[in-house]
Amino acid sequence: MLVLPIVVLGYGAVSRAFIAQIISHRAEYRSRFDVDLYVAAVRTHRAQTEITDDTIPPRPQWSAPTSLDDLIARVGARVVVQAVPSVDADADGAVADGVCALRNGAHLVTATKTTLLHGWCALDAVSRETGRAVKLSGTTGAMLPAADVARSLRNGIHVTSVSGCVNGTATFVLDRLSDGDSLGEAVEAARRVGIAEGDPSADLSGRDVAMKIQILTGLLWGRDPGAAETILEPITPAIRSAAVRAKGRGQRLRQVAVADLDIPDLVTVSIRAVTRDSPLGALNGPEKAVIFDCGEFGPVTVTGGQSSPTGAAMAMIKDTLSLALETAPGLR
């Protein structure tokens, strides 16, 4: 049986959902996949704790954090799972943690988009040097397997463009605006159902969806996604009237991010009216969709995967379990 002790970086909603899933399904994973996954330690920027018998001590009992390489060595971690906020100001530290994990013999499973946008080339190089894998499904749309499809299509399929709605908060908010809600009311409704972050600015500005498409361009076209320019059209209070009018015409507004192979270092995000029966118009609530244009072979559309901390956690569970089957290094 393959034993994979895990260090989890971060202790927000996604990390807690990941840990809960590991603890509650550990016996199932042992039986079904012949893999023993267990969380050996949790580390934040302020504190850390080691875990025994699948029991997490109360936060007051956590200790001050040691260096990550020391923690990895002490618990014998084979996997480092990173689920810290995608904040540009903290990206250098997140990249350093990813590099540290790889250099200390652990595979990296990350849901932190800025780690990839600020450290793509460095992580790719260190991954290949050490033979340790980088798994990133959770960065491109929670449970939506867009990254897996992108990695598959790059093997012989000529993808000319990639586009999509991959921010569940934006889709939910735009639909609420079409019903007459104010922007504030729509965001609050998204928070109540567990979709929106406490700070939804990256969702509304288009920054979040742009980052996800940037990462897909890195997988598809071998580019450094962090080098791409982004042009963003935000969701503002003024959008409500356009959303109501679109609904009256049988359409829906969608926040759509697009990247084209002809201009691979540019990602644009715009608010578009689409028909209700189109792949993007048919999305409900926090669902997502990505469309890969494969030229003469037609489009490949991936849809579903609602937004939630549990959805993102399950993407990381899938990535972690996949380490038992495939550990190819590199990001391409």
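Just so it is clear, glycine is given a Cβ too, placed from its N, Cα and C backbone atoms.
TrEMBL entries are annotated by machine, without manual review.
Copied over from TrEMBL, here are the features:
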type     : residues : note
ACT_SITE : K212     : active site, proton donor
BINDING  : K113     : NADPH binding site
BINDING  : E197     : L-homoserine binding site
DOMAIN   : 147-321  : domain 'Homoserine dehydrogenase catalytic'
Distance, K113 (NADPH binding site) to the residue listed as 'active site, proton donor' (CA atoms, angstrom): 7
Reduced DSSP assignment, K113 (NADPH binding site): helix
For E197 (L-homoserine binding site): DSSP state (helix, strand, coil): coil
Rounded inter-Cα distance in Å - E197 (L-homoserine binding site), K113 (NADPH binding site): 15
Of K113, E197, K212 (the recorded positions), the residue whose Cβ has the fewest other Cβ atoms within 10 Å: E197
